[in-house]
Amino acid sequence: MYSPTPGRFLLRMRTPVSEEFAGGYPSDEEWHGYISNSDRVLLKTINFASPNSAGAVCIDPACTWVEQWVHRAGPREKIYFKPEEVKAAIVTCGGLCPGLNDVIRQVVITLEIYGVKSIVGIPFGYRGFSDSDLSEMPLSRKVVQNIHLSGGSLLGVSRGGPSVSDIVDRMQEKGINMLFVLGGNGTHAGANAIHEECRNRKLKVAVVGVPKTIDNDILLMDKTFGFDTAVEEAQRAINSAYIEAHSAYHGVGIVKLMGRDSGFIAMHASLASGQIDICLIPEVPFELHGPHGVLTHLKYLIETKGSAVVCVAEGAGQNLLQKTNAKDASGNIVLGDIGVHIQQETKKYFREIGVHADVKYIDPTYMIRACRANASDGILCAVLGQNAVHGAFAGYSGITVGICNNHYVYFPIPEVIAYPRPVDPNSRMWHRCLTSTGQPDFI
Ligand code: ATP
Ligand code: MG
């Protein structure tokens with residue numbers, strides 16, 4: 001599995017920042033367990049009988065046996081940077097996600113183990129590079145020791161901010177030659193642009209991302225940090241909605257969960273809870289009204305079970321809402337509130353048909369995003385944080401760390417942010433969810 005393969009390398013590999021890499025000097029010789037640059041991990045391990053079998057999607061339609069590889073993450077025997085010459089900076093951008101502090105902590109601790117003395121945090125995302133009121137925050141093991149015990153980000157987060165060339169100007173002024181970027185697709189687009197700008201200016205700077213998406217919607221990755229915690233925390237909201245609905249006469253509970261483009265949280269939380277009757281995700285269109293609509297099924301559930309619980313992902317059913325064209329500071333489209341819409345339409349529908357219904361709506365988004373990472377995310381964050389530092393020291397730039405087929409790897413940034421990874425409506429997992437809820441098609 002790890003040996004170099006004569007097969008095709010379809011993904012563009014990022015090379016070490018300089019050819020001098022080959023002449024790098026060895027680190028502590030007592031440190032065993034190094035990863036070689038030729039250790040690679042297979043991206044897809046399924047041998048497809050046909051591209052359509054079992055809902056599996058072949059990345060390369062021409063392949064039956066897919067040979068796509070990425071570099072295995074981990075410490076290299078030879079390192080590119082001299083630790084005493086490194087000034088490392090960490091920045092967290094976008095929205096909050098459980099585990100940000102865990103990653104910051106591991107990056108700092110690992111940098112110190114390499115012998116780096118100069119480590120700083122950039123406050124409030126990319127904005128921290130431009131705002132003269134915001135000064136960089138010195139980081140050390142002592143500062144970060146206990147930060148993982150609470151949610152949020154020690155450094156703060158933001159959207160919007162300066163241009164890429166301004167960011168690189170500031171990096172040059174401050175002498176930053178290692179940048180660790182924690183964020184989602186927007187942040188990674190920024191990180192890739194910073195990497196390109198550094199290459200254009202011939203700066204020996206390593207830009208390494210750690211993908212932060214609570215939605216678990218990054219291409220090619222088994223799982224991103226924060227997702228497990230989100231699914232676990234969502235259980236509380238679903239259980240409360242269930243108890244409210246179950247305890248009321250003709251109770252209907254509606255829970256809106258995160259998932260702008262992909263319904264992984266809603267699907268997994270519905271499956272885990274076993275208390276959801278209707279799960280609605282962005283990838284599967286549905287109608288509210290009409291003989292096959294959600295509301296008709298809710299009426300059926302009220303008549304047969306006495307109560308019902310709906311779980312809806314925030315990006316679901318956007319076609320049912322009025323478009324506002326509003327955008328946030330980073331240029332992302334502001335979504336309409338599908339949870340509130342379903343709540344209002346449900347109340348109206350039962351009023352109109354003269355059936356009593358007690359509708360309760362719960363939106364736990366901010367409670368989930370702000371909470372502390374659970375044990376499994378804590379471990380994932382630790383490995384990702386450490387591997388980000390190993391990648392930078394190995395001399396890679398324009399990469400992001402992740403887990404693929406249970407192996408920790410370095411991905412080239414552009415390949416993983418091309419578009420959000422969706423739930424496949426033909427996948428076994430979505431069908432398992434449908435089996436669990438017992439819901440029909442709503443079209
Ligand atoms: P989340 O998933 O929480 O939304 P995100 O990383 O996608 O995280 P954004 O607010 O979209 O969050 O972007 C974060 C930062 O990245 C912002 O400061 C934004 O200005 C910058 N950014 C977004 N897209 C790009 C891009 N294409 N090029 C350069 N910078 C970008
Ligand atoms: Mg985003």
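Including glycine, each Cβ sits where the backbone N, Cα and C put it.
Per TrEMBL, the features are:
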- 88-390: domain 'Phosphofructokinase' (DOMAIN)
- Gly95, Arg159, Gly160, Gly184, Asn185, Gly186, Thr187: ATP binding site (BINDING)
- Asn185: Mg(2+) binding site (BINDING)
- Gly186: site 'Important for substrate specificity' (SITE)
- Thr213, Ile214, Asp215, Met258, Gly259, Arg260, Glu314, Tyr366, Met367, Ile368, Arg369: substrate binding site (BINDING)
- Asp215: active site, proton acceptor (ACT_SITE)
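With all protein chains in the displayed structure included, the most crowded Cβ environment within 10 Å among the binding-site residues Asp215, Glu314 is that of Asp215.
Counting only residues at least six positions away in the same chain, the Cβ atoms of Cys93, Gly94, Gly95, Pro211, Lys212, Thr213 sit under 8 Å from the Cβ of Gly184 (ATP binding site). Surrounding the centroid of the Cβ atoms of Gly95, Arg159, Gly160, Gly184, Asn185, Gly186, Thr187, where the record places ATP, the chain contributes additional residues within 8 Å, namely Cys93, Gly94, Gly125, Gly183, Ser330, Asn332. For Asp215 (substrate binding site), the nearest neighbour among the listed binding-site residues (Arg159, Gly160, Asn185, Gly186, Thr187), judged by C-alpha distance, is Asn185. The binding-site residues shown are Arg159, Gly186, Thr187; of these, the one with its CA atom nearest the CA of Met367 (substrate binding site) is Arg159.
The average pLDDT computed for the domain 'Phosphofructokinase' (88-390) is 96. Of the residues the record lists as binding ATP, namely Gly95, Arg159, Gly160, Gly184, Asn185, Gly186, Thr187, the two whose Cα atoms sit farthest apart are 13 Å from each other. Around Arg159 (ATP binding site), the C-beta neighbours below 8 angstroms that are at least 6 residues distant in the chain are Cys93, Gly94, Gly125, Gly186, Asp328, Ala329, Ser330, Asn332. There are 27 other Cβ atoms within 10 Å of the Cβ belonging to Thr187 (ATP binding site).
Each residue contributes its Cα atom, and for Asn185 (ATP binding site) and Gly259 (substrate binding site) these two points are 14 Å apart. Taking every pair among Thr213, Ile214, Asp215, Met258, Gly259, Arg260, Glu314, Tyr366, Met367, Ile368, Arg369, the residues recorded as binding substrate, the greatest CA to CA distance is 17 Å. Sequence-distant neighbours of Arg369 (substrate binding site) (same chain, 6+ apart, CB under 8 A from its CB) are Gly95, Leu96, Cys97, Pro98, Gly151, Ile214, Ala230, Met258. The binding-site residues near ligand 1, defined by a Cβ under 6 Å from one of its atoms, are Gly95, Arg159, Gly160, Gly186, chosen from Gly95, Arg159, Gly160, Gly186, Asp215. In this structure, Gly184 are the binding-site residues from Arg159, Gly184, Thr187, Thr213, Asp215, Glu314 whose C-beta falls under 6 Å of some atom of ligand 2. Each residue contributes its Cα atom, and for Gly259 (substrate binding site) and Thr187 (ATP binding site) these two points are 17 Å apart.
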